[in-house]
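The ATP binding site annotation in TrEMBL covers 20, 211, 212, 213, 214, 215, 285, 286, 287, 333, 334, 335, 336, 337. Positions annotated as substrate binding site by TrEMBL: 94. Residues annotated as active site, proton donor/acceptor in TrEMBL: 151. Look at TrEMBL and you will find 183, 244 tagged as site 'Transition state stabilizer'.
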Ligand code: ADP
């Protein structure tokens, strides 16, 4: 068994029916244990916990987030880390929506929990689940500092022209309507790593980052600060995603209400859960989509073409907004693992200095790496994202500043 947990950070990402977690050393990035509780509140719940390459599984109903986290702590204790006895340096919580209120890692107290709960109007699927995770962890580790790291924080300073929706300004102000952006922890981490790999100061670079997972987003970053991003008030805007539509004519919402007589919750579910790659092809997993395409499925082919078309539209927009780009970086499940997507997204752009080296692009590697030919004017990179490490470092830094 590795060292004790007292210098490590426990990172918790609490979703509506799941809790993902990692115990890691924020300096080295070494993960002591990780896992996931799934199907909270359903008849058959479960936990998978990994330590030193060994997986412990539990199958049992898990009533709520508090029960889920207790099961996590019990499993930790049974596999070598009694977190309550050993203590941890801090707990870092991923919180989806920080609204206008939170734009840096924040030490959690009762007021902070109340404010995160109030932001549920902006993120009804996410913030209540985040609060459930926070409250459970505070109950189990009462003396340990808990830090909230917000998915929106990196984009807080977006320029007014990029974050403003062209609707009645009074309505927008009354309801907090603006572009907030999400996946900020990932965009910040990945763009920082890209600058490191280039051996350049982030302040000198124009970058475009594509975070392509189940959720997907793009960002344009100048001098280390984002100037635009594809997700908006909610994570629904922008790129085509696993189950989300991304950009739409907003008139479609009114049309569906009038013509299909769908109420607003049904429309919300349609656009968030039954659209995107899944809506077009029937599957939301990219590997399955590729298999369907290989078998000649035309709907799957169209879904892929729409996905690439949207990526390229954002690429073009951000190239112009930035007035030229030094680095384009792909990350997350699809971005890290699909050479086809990377090649198709950037095909035919050599006149802009953008090229992908086919050998580097298809090399089997999990490492952060260049996939553009050496000496190309625009660096193209694959950088594995690591939101847990970024959250752990932010939490540790905040705790150290307090002394
Ligand atoms: P999340 O947004 O849930 O964190 P991930 O970043 O894990 O998502 O990305 C999940 C997506 O990545 C899925 O669509 C999955 O099919 C895709 N993916 C994972 N591995 C591969 C692979 N080897 N090739 C293509 N797609 C992959």
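Backbone N, Cα and C define each Cβ position, glycine as well.
Automatic, uncurated: that is what TrEMBL annotation is.
Projection of TrEMBL feature records onto the structure.
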{"residue": "20", "record": "ATP binding site", "DSSP (3 states)": "strand"}
{"residue": "94", "record": "substrate binding site", "DSSP (3 states)": "strand"}
{"residue": "151", "record": "active site, proton donor/acceptor", "DSSP (3 states)": "coil"}
{"residue": "183", "record": "site 'Transition state stabilizer'", "DSSP (3 states)": "coil"}
{"residue": "212", "record": "ATP binding site", "DSSP (3 states)": "strand"}
{"residue": "244", "record": "site 'Transition state stabilizer'", "DSSP (3 states)": "coil"}
{"residue": "285", "record": "ATP binding site", "DSSP (3 states)": "coil"}
{"residue": "334", "record": "ATP binding site", "DSSP (3 states)": "helix"}
Inter-residue Cα distance where the pair is the residue listed as 'substrate binding site' and residue 212 (ATP binding site), in Å: 19
Lowest local Cβ density among 212, 334, which the record lists as binding-site residues, within 10 Å: 334
Cα proximity to residue 244 (site 'Transition state stabilizer'), best match among binding-site residues 20, 94, 285, 287, 334: 285
Residues among the recorded positions 20, 94, 183, 212, 214, 334 that border ligand 1 - Cβ under 6 angstroms, in sequence order: 214, 334
Pairwise CA distance, residue 334 (ATP binding site) versus residue 183 (site 'Transition state stabilizer'), rounded so that it is a whole Å: 15
Least buried by Cβ count (within 10 Å) of the recorded positions 183, 244, 287: 287
Entries of 20, 151, 285, 287 which, being recorded positions, have CA atoms within 10 angstroms of residue 183 (site 'Transition state stabilizer'): 151
